[in-house]
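**Q** In case it helps, TrEMBL gives these features for our protein:
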type	residues	note
TRANSMEM	C:6-22	transmembrane segment
TRANSMEM	C:34-54	transmembrane segment
TRANSMEM	C:60-83	transmembrane segment
Amino acid sequence: MPAIMEILISAFIILGGVFGLVGSFGLVKLRDTMQRLHGPTKATTLGIGCALIASMLYFFSTGGAVSFHELLITLFLFLTAPIAANFIAKTYIIRNIDRSELPASGREYGWSVYDDSPALRREE
Amino acid sequence: MIRRLIPHPLLSITLAFVWLGLVNTVTLGNLLLGTVLGLVVPIITAPYWPNRAKLSRPLIVVRYVLLVLWDIVVANVQVAWIILFKRSTDFRSRWITIPLELTSPEAITVLAGTITMTPGTVSAMLGADGRSILVHCLHTDDPDYERDRIKQRYERPLKEIFE
Amino acid sequence: MISIALMFAFACFGLGLLFCLWRITVGPDVSDRILALDTMVINLIALLVLYGIWKGTAVYFEASMLVAMVGFVSTVAYCRFVLRGDIIE
């Protein structure tokens, strides 16, 4: 394997490790659940993205074939991370936050956790 | 006829490519199997797609994807910096409301995902009528600036893509 | 050089797993625990991928892909259970 490839792969692996560690560290350091949500959704996702790029480069330089698995895993994680974060935020809000603590939605209907949707309201 | 056989051409192509990626070797058999999957799955799942998203302007789509990828990298460095070097008592986290001009559910989904993956913001909830979105900022001094930035940077291209 | 980098990354993600474990035990809310479990799954996938490089085989990709899917579905299931008291209505 050429030296430049080796340096590149090592750099991606180390970068991935650092970002993953920072994301998990945020989970310990930050004081509020909503703040904690920021660490894992961003830092950890990029950390694993770096690790997957490193793995792709490694198998490309040893086997010579491009592997699509890493791309699929990265894509899957990047698509699902926001959805999981949204669900967790909703869980937190419904259990811990009173509607008066949130800013107004600025529309006719309030936030979806507290208010019925227009379709439901019409049924009543 | 073609419309009935291939109700969702984009989904068909994506499915075929994902199948090829999963088996990781491009042979004639796998290509055939991928094509069959791409044809059959959209027909079976058609009831779950009552209204199809129309994607126009592929060039803007590519530009938007690149913009978001770049912003994800920037976001990570920023958030990592805040987590590591800011005292947690100095955080000024707050909620902001973003009124939406987008109407199609697909566009709003993409916008919410983008907000979560980009600098210092997590989208938490939609309004009951789906016309405003609640966003949590990790650290901001100027909520109005954040709101305008999201509207300018992400909502405008999405409006062009989906509507 | 790659093996040193791998050792470093193993240590990082392992430490990350410990942080998550701490958050799971301390809480204080259910949503914190769900978030910590979700992060644990992501760290686990990273460890699996790196282990694949360490061993030089590609068989661990299927495993990490399955872990990714199960992790996402379980996160959503936990949240739905807390939100609605029911997973499939």
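If you go along the chain as it appears here, the first residue is 1 and each next one adds 1.
Note: Cβ is positioned from N, Cα and C throughout, glycine not excepted.
Describe the structural context of each listed feature in the structure shown, including burial, neighbouring residues and relevant distances.
**A** Long-range Cβ contacts of the transmembrane segment (C:6-22) within its own chain (Cβ-Cβ under 8 Å, at least 6 residues beyond either end) map to 36-37, 39-40, 43-44, 46-47, 50, 53-54.
Cβ atoms under 8 Å from those of the transmembrane segment (C:34-54) belong to residues 2-3, 6, 9-10, 13-14, 16-17, 20-21, 23-24, 60-61, 63-64, 67-68, 70-72, 74-75, 78-79, 82 of the same chain, restricted to positions at least 6 beyond its ends.
If you look at the transmembrane segment (C:60-83), the same-chain residues 6 or more away from its ends with a CB under 8 A from one of its CBs are 30-31, 34, 37-38, 41-42, 44-45, 48-49, 51-52.
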